[in-house]
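K.L.:
According to TrEMBL, the protein has these features:
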type	residues	note
COILED	77-134	coiled coil
DOMAIN	16-58	domain 'GRF-type'
TRANSMEM	133-150	transmembrane segment
Amino acid sequence: IRMSQNSFDVEVPDLCYCSEICPLRTSRTPLNPGRRFFGCKVSKENGGCGYFRWIDPKSSISVHQYPEIESSLMIRCKDAENSYDLLKQKLKDAEQERDTLCEKLKDSEEKLIALKQKLKKVKLEKECAKLKLNRLVLLLLVVVTVKWFFNMG
């Protein structure tokens, strides 16, 4: 869209059916001399799709004649800017939440590793205590057996 002081022209390039950007051209035919149009770069004879769209030579609309158009366009533009800003903020918030969750995950993984090491240590201590208890019981049995043996004899 090209805007001037009192009017605006719609001259947004089209895409033809060949998926190419159509150049803006001017008709040189006797029926439509000087009329502007968008058309496929490649002629139909050379395998082009034949797409075209006329642009009226006097397609500009006076904003003073139609102030509601200017107002409508301004409102739509403002709405689009607000939506864009809102989406940008939502993206920023989501990225911050992701970063926070990644930190929490990292902390949780470190805590899990520490707990696994602690559990391993506790199991080893338990095994060691069990061995000491077994030795003590064995020693007591030996002492009781020896004492009983000597008391008998």
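The backbone N, Cα and C atoms fix where each Cβ goes, glycine too.
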K.L.:
For the domain 'GRF-type' (16-58), what does DSSP give as the number of helix, strand and coil residues?
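P.N.:
The composition, in the requested order, is 3 helix, 12 strand, 28 coil.
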K.L.:
Quick one: mean pLDDT on the domain 'GRF-type' (16-58)?
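P.N.:
Mean per-residue confidence for the domain 'GRF-type' (16-58): 85 out of 100.
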